[in-house]
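Below: the structure, in structure tokens.
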Amino acid sequence: MRSRWLSLDRAGGRAIESAYLLCKSGISFCGCFGSDPKDVLVAPRERERERESFCSSVGLTLVDFGRRVMEPGRMDVGILAMDVYFPPTCVQQEALEDYDGASKGKYTIGLGQDCMAFCTELEDVISMSLTVVLSLLEKYQIDPRQIGRLEVGSETVIDKSKSIKTWLMQIFEEYDNTDVEGVDSTNACYGGTAALFNCVNWVESSSWDGRYGLVVCTDSAVYAEGPARPTGGAAAIAMLIGPNAPISFESKFRGTHMAHVYDFYKPNLASEYPVVDGKLSQTCYLMALDSCYKRFCGKFEKIEGKQFSISDANYFVFHSPYNKLVQKSFARLVFNDFLHCPSNLQKEERENLEPFSNMTGEESYESRELEKASQQVAKPFYNVKVQPSTLLPKQIGNMYTASLYAALASVVYNKHSTLMGQRIVMFSYGSGLTSTMFSFKLHDGQHPFSLSNIASILNLSEKLKSRHVFSPEKFAKTLKLMEHRYGAKDFETSKDTSLLSPGTFYLTKVDSMYRRCYAKKGSEDAPGSKMFGFSSMSVANGY
């Protein structure tokens, strides 16, 4: 199937959906305007008359995105497609409890975690990014020339100057597409949300040129030996951004809270391990949650003319350092609803929370009794509204910038057949601190950008089943090697790719000038050569 143009007429106004041609009957017209895929992005004058004549003959309106005028109306800008990658290596939290000499249940119940992914010497945030971006482009048949903005969120520092985005440009340079805006965003776990907002704002702006935005969240969370080590994890998420998305933004309800605090930070540039004040970090997280929820509710009430409560959303998705904090966070929202409008709760639920109604904010963050009571009241709501989002976070661990969106992917994967018309509220938090609460409205979408197809491509159950479980001893040995390698130069990796799936990128060496070299399993070429497999790919989807 060759390149083609799309346009769409809507009742009450014309919305430009892409630079392709969409037949009213749903039939695709192939090869109508030449066989060169570059026709997708370039509209030479000599081809315009041919297109105009063809469109007129079938009763369609041709729209040239180079002269696009966006009329008022909902564009439903948001996430069109998603893919996730996490390392094939993991360690069981229960086994880690025994190895660390921790009390039984400290990690599995106290933290609420089941398993933790981690990178070996072959993988890092760059290799994971390359893998997930190429995977998304291939699975959704997106030509790299259809990407106009690429934003990366990460707090894992490989280079203090060169962005991860520049590494990913190899994919797009191969197709002569260097006209790609965007760069990395960094602030702890919030960078992915900043990257997402940047792409969405671009599509909604007068600067949009009609192409897709692409967001990548990639991180490897590792900690020094001690109580924080079980809260690690690693993953990369890629999200395609555009209009008429099945996961569309409700930007008008956004509530943000930012402040200066030292709860979690990485001042030692010679080490990838953070300095963590665990108790303060949890308090900051909950304080930011309260503030964002208050502002989110205020905007909802002003626009919709009614109070917002947890009953106005079908699902709540939280940044997930560990599951126990997610449980506490949702319970905190239930307590906020009680304070704001007690009548939203049943009589017995109100009676359980009434003893805490006059607490100050500071007191409420310290009260174990309130924490226990609010979680008890919230539990039946949690099982319905939050539990579906916990699949990947409980199995992979803290993915930093990718954590929130791995949780969103879990909801889509678990509930895709029942999500149409529903609302998902998101809470993003990054230490230091930055935080935002925002929401999505879900639509079925059109193939390939449909909820069912996103769920099918995510294929989370199979990906989780195919992992390889390392013993805690082997896990600790791997992290010791990574410690030694951090910031090192002039070395080669083992190149043992036996645990990697075909198509996975991996680190082969770092030379004497700190230049990193990667290869792709199943290809004899190196990144930067014609190895990405698009030459014979049919271009079927795009703006």
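Cβ atoms here come from the backbone N, Cα and C positions, even for glycine.
Small disclaimer: the values here were computed from a predicted structure and weren't measured.
Copied over from TrEMBL, here are the features:
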- 76-246: domain 'Hydroxymethylglutaryl-coenzyme A synthase N-terminal' (DOMAIN)
- Glu155: active site, proton donor/acceptor (ACT_SITE)
- Cys189: active site, acyl-thioester intermediate (ACT_SITE)
- 247-521: domain 'Hydroxymethylglutaryl-coenzyme A synthase C-terminal' (DOMAIN)
- Ser281, Lys324, Lys328: CoA binding site (BINDING)
- His319: active site, proton donor/acceptor (ACT_SITE)
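Contacts of Ser281 (CoA binding site) defined by a Cβ separation under 8 A and a same-chain sequence distance of 6+ are given as Asp263, Phe264, Ser431, in order along the sequence.
The full span of the recorded CoA binding residues, Ser281, Lys324, Lys328, taken as their largest Cα to Cα distance, is 14 Å.
The least crowded of the recorded positions His319, Lys324, Lys328, judged by other CB atoms within 10 A of its own CB, is Lys324.
Between the alpha carbons (Cα) of Glu155 (active site, proton donor/acceptor) and His319 (active site, proton donor/acceptor) lies a span of roughly 15 Å. Ranked by Cβ neighbours within 10 A across all protein chains shown, the active-site residues Glu155, Cys189 are led by Cys189. In three-state terms derived from DSSP, Lys324 (CoA binding site) belongs to a helical segment. Note on the domain 'Hydroxymethylglutaryl-coenzyme A synthase N-terminal' (76-246): mean pLDDT across this stretch is 97. Sitting within 8 Å of the Cβ centre of Ser281, Lys324, Lys328, and not among those site residues for CoA, are the Cβ atoms of Gln282, Tyr285, Leu286, Pro321, Tyr322, Leu325, Val326, Ser329.
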